[in-house]
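Undergrad: Sharing a structure, written as structure tokens. Questions coming.
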2 protein chains.
Amino acid sequence: MMRTRPLKVALLGCGVVGSEVARIMTTHADDLTQRVGAPVELAGIAVRRPGRVRDGVPAELITTDATALVKRGDIDVVVEVIGGIEPARALITAAFEHGASVVSANKALLAQDGAALHAAAEQHGADLYYEAAVAGAIPLVRPLRESLAGDKVNRVLGIVNGTTNFILDKMDSSGAGYSEALDEATALGYAEADPTADVEGFDAAAKAAILAGIAFHTRVRLDDVYREGMTEVTAADFASAKQMGCTIKLLAICERAADGRSVTARVHPAMIPLGHPLASVREAYNAVFIEAEAAGQLMFYGPGAGGSPTASAVLGDLVAVCRNKLAESTGPGESAYTRLPVSPMGEVVTRYHISLDVADKPGVLAQVATVFAEHGVSIDTVRQQGKDGEAALVVVTHRAADAALSATVEALRKLDTVRGVASIMRVEGEKGE
Amino acid sequence: MMRTRPLKVALLGCGVVGSEVARIMTTHADDLTQRVGAPVELAGIAVRRPGRVRDGVPAELITTDATALVKRGDIDVVVEVIGGIEPARALITAAFEHGASVVSANKALLAQDGAALHAAAEQHGADLYYEAAVAGAIPLVRPLRESLAGDKVNRVLGIVNGTTNFILDKMDSSGAGYSEALDEATALGYAEADPTADVEGFDAAAKAAILAGIAFHTRVRLDDVYREGMTEVTAADFASAKQMGCTIKLLAICERAADGRSVTARVHPAMIPLGHPLASVREAYNAVFIEAEAAGQLMFYGPGAGGSPTASAVLGDLVAVCRNKLAESTGPGESAYTRLPVSPMGEVVTRYHISLDVADKPGVLAQVATVFAEHGVSIDTVRQQGKDGEAALVVVTHRAADAALSATVEALRKLDTVRGVASIMRVEGEKGE
């Protein structure tokens, strides 16, 4: 039954991930042949700087002309691990036009142009697989798209960025401030020289857009995702979290509204209870918690980045796409039939943990409580700590719309007795939500 | 693109899982249609006792003649949730012969006859999917078979039986003995009236056989799996585990030998460090830890049993199999090309935690240590506790072949100064293994 003509693979990009993909394809060629049902041949590797190519990557396959490689006409599968919008988008589109299927690890491109790329794949009868775009080696796209295809996902709650989890874990365990923890992450190679994409939540937001689209069978674009970074999380926030039996994580949260008529997707730091499975995710590990109607609560945990883990996800997709090629079929394409709209952040239902610096005199609590009541926000707990004529008031609310909660905070700022809002943090992942 | 002729599904069995499958197929019919690309019609439900059929299950579809239903000729997919060997095996075989693909939740049958069933499926160009057979709703078969298809799995370490995890968790948290914890599990519906299949490890062994076969691309039969139940785990064992910073779990462990030339599969209670992700799996939850060469360490967590979670897994498979039917293709079949043999338990490399009741007199430790040395087993730690002329000696070994460890224990039993072996427990899941 084994076909002898090999499937030809073009690899675009040969950095940390690409060189590992090339290495595994070479050293494990026999296993790939058995698992695909035909030999899989690395036919060419497009790089920008040929002088930089790593050990173990066959030099004779290197080219700087990615476009010519993709358009060669005999390529069955294009593996895109360049990242960024262009030239990745043009190359993937050209791949479909020339009869190739595509495996991509490009979260930014998928989050921005997933719908157009899926449409191009379908038009040309090709596959577009991208397990590696979300949380590295952790199977998430396939479980959501296939394992849970007969179920109804209601919530996805995940730690999908290893850099920020490393920093927050360090702050939690050592009491370090943000800058100090970031420096350590940079020194250990967990943070890039410019950490903006990670610490400001852009990377997590792209993953949230992809996960929400797949989970709810609708289209969620990067612009639809509410995003707050974690650069303003302080050691004092961690101290407050501990008092509540919580820790702080940067979470990507995708939810179906209670009435089922819309979805939301957001990325922000939040307090979660220490008993929640996500609370114990340490260092640069990722984990994603999925709640589905029939399945209940599932969690997927593993390394969310790195050359080898990402290559593992790419190769899993490569085997699947090659099998589909042999069977002259394609895997599941985009599923966006629900057309559920994405609601703005103001409609998200959540809880706030608010620390206020207030004057230490009678009547302040009553004043503050009145503001909450006027905005229809119900208070769960209040804790007062007084010293030297100043006092701190820590309020944890019940669940309410984010718009009502943020309007409450704005009104509190205007009170004479409130000297400042020391911190605001959402509280997520509690039982019974 | 939507096909209008429906795909016809025969459901065999309508107990806890089957009735939930029928309910979801009915209430979520529109979603299934969109996700499959054609309507999916429940064409018949075979039951043994038609009087027992549950609310919400269409009465007009009920039949007691499962064989006639399967052989009707117009069935596209047979969903088998009867369990047990016969008549499930005969019905599945008949389904393939009559052109249907099969989705099964039958771990006992798959573990015993997986190879023959896969061969029958392939012969008839049909699919055999069985995500629900291992750990309920937790995606494991698909991630191992597809997501990790380009990687090399070296170890699978899992809690795959909810009943025993509930009992052990209860013993751990409350200090209860085995009988007391079993009674509570029975009262709460976590244990069956006859708990043998769970507490003696038969259920977990079947899952270990299935997981090992898929993970290592070889054939592992139920008889190949070493099995010890957990009925002899005592409160004293938990006390010993705590002193070591461990807890006790019933684990299914599938490993590739260090030289890569064989595999092992086993089920037994073991101590694992409290810091291991599996240690914090509570109540009846399941979790499976997978170590792969490129992906690193992954963990999958969720409800391992129950009507709804198992139905979720069945329906995910049903959607996949229906899609394949429409595409006139099949998904990945059995992959057993490595033909790696399964080594006996004696060749497994592990560590023992041994509690000995010994005479409290000089020279006993030297005598005991000599026995270990004679068997080539190196001691990691020894702890002595004396009282009233008797003493307890707790020895934790370094890693050694199980045969050498068990021979050591036999030799210790023969020493005059050893009054008894109070407990033996393997230690697993440590770093650097």
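Numbers run from 1 along the shown chain.
Positions of Cβ are set from backbone N, Cα and C atoms, glycine also.
In case it's useful when we look at the structure, here is the feature table from TrEMBL:
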type: BINDING; residues: B:L12, B:G13, B:C14, B:G15, B:V16, B:V17, B:G18, B:S19; note: NADP(+) binding site
type: BINDING; residues: B:K107; note: NADPH binding site
type: BINDING; residues: B:E192; note: L-homoserine binding site
type: ACT_SITE; residues: B:K207; note: active site, proton donor
type: DOMAIN; residues: B:353-426; note: domain 'ACT'
Undergrad: When the Cα-Cα distance from B:G18 (NADP(+) binding site) is computed for each of the recorded positions B:K107, B:E192, B:K207, which gives the smallest value?
TA: B:K107
Undergrad: Can you tell me how many other Cβ atoms are located within 10 Å of the Cβ belonging to the residue listed as 'L-homoserine binding site'?
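TA: Within a 10 Å radius of the Cβ of the residue listed as 'L-homoserine binding site' lie 13 other Cβ atoms.
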Undergrad: Report the same-chain neighbours of B:V17 (NADP(+) binding site): residues 6+ apart in sequence with Cβ closer than 8 Å to its Cβ, ordered by sequence.
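TA: For B:V17 (NADP(+) binding site), the qualifying residues are B:V81, B:A105, B:A132, B:G307, B:T310, B:A311, B:V314.
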Undergrad: Far apart in sequence but close in space: which same-chain residues, 6 or more away, have a Cβ under 8 Å from B:K107 (NADPH binding site)?
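TA: Set apart from B:K107 (NADPH binding site) by at least 6 residues yet with Cβ under 8 Å, we have B:Y130, B:A133, B:V134, B:D203, B:A206, B:K207, B:I210.
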Undergrad: Which residue, out of the binding-site residues B:L12, B:C14, B:V16, shows the minimum number of other Cβ atoms inside 10 Å of its Cβ in this structure?
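TA: Comparing Cβ neighbour counts within 10 Å for the binding-site residues B:L12, B:C14, B:V16 gives B:V16.
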Undergrad: State the Cα to Cα distance, in Å, between B:G13 (NADP(+) binding site) and B:E192 (L-homoserine binding site), rounded to an integer.
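TA: Counting only the Cα atoms, the answer is 19 Å.
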Undergrad: Round to the nearest Å and give the CA-to-CA distance linking B:L12 (NADP(+) binding site) with B:E192 (L-homoserine binding site).
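TA: Answer for this pair: 22 Å between alpha carbons.
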Undergrad: Just how many other Cβ atoms lie inside 10 Å of the Cβ on B:G13 (NADP(+) binding site)?
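TA: Total other Cβ atoms inside 10 Å, all chains included: 24.
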Undergrad: Between B:V16 (NADP(+) binding site) and B:E192 (L-homoserine binding site), how many Å separate their Cα atoms?
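TA: One finds 14 Å between the Cα atoms of these residues.
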Undergrad: Taking each of the binding-site residues B:G15, B:G18 in turn and counting other Cβ atoms within 10 Å of its Cβ, which one has the fewest?
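TA: Each of the binding-site residues B:G15, B:G18 was scored by Cβ atoms within 10 Å; lowest is B:G15.
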Undergrad: Whole-number answer please: how many Å between the C-alpha atoms of B:G15 (NADP(+) binding site) and the residue listed as 'L-homoserine binding site'?
TA: 15
Undergrad: Kindly assign B:G15 (NADP(+) binding site) to one of the three DSSP-derived states: helix, strand or coil.
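TA: It is coil.
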Undergrad: Three-state secondary structure of the residue listed as 'active site, proton donor' from DSSP?
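TA: The three-state answer is helix.
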Undergrad: Can you give me the Cα-Cα distance between B:E192 (L-homoserine binding site) and B:C14 (NADP(+) binding site) in Å, rounded to a whole number?
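TA: Distance between the two Cα atoms comes out at 18 Å.
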Undergrad: Taking the centroid of the Cβ atoms of B:L12, B:G13, B:C14, B:G15, B:V16, B:V17, B:G18, B:S19 as the NADP(+) site, which other residues of that chain lie with their Cβ within 8 Å of it, listed in sequence order?
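TA: Near the NADP(+) site, the remaining chain residues are B:L11, B:E20, B:V21, B:A22, B:V47, B:V81, B:I82.
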Undergrad: When a 10 Å sphere is centred on the Cβ of the residue listed as 'active site, proton donor', how many other Cβ atoms does it contain?
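TA: Within a 10 Å radius of the Cβ of the residue listed as 'active site, proton donor' lie 29 other Cβ atoms.
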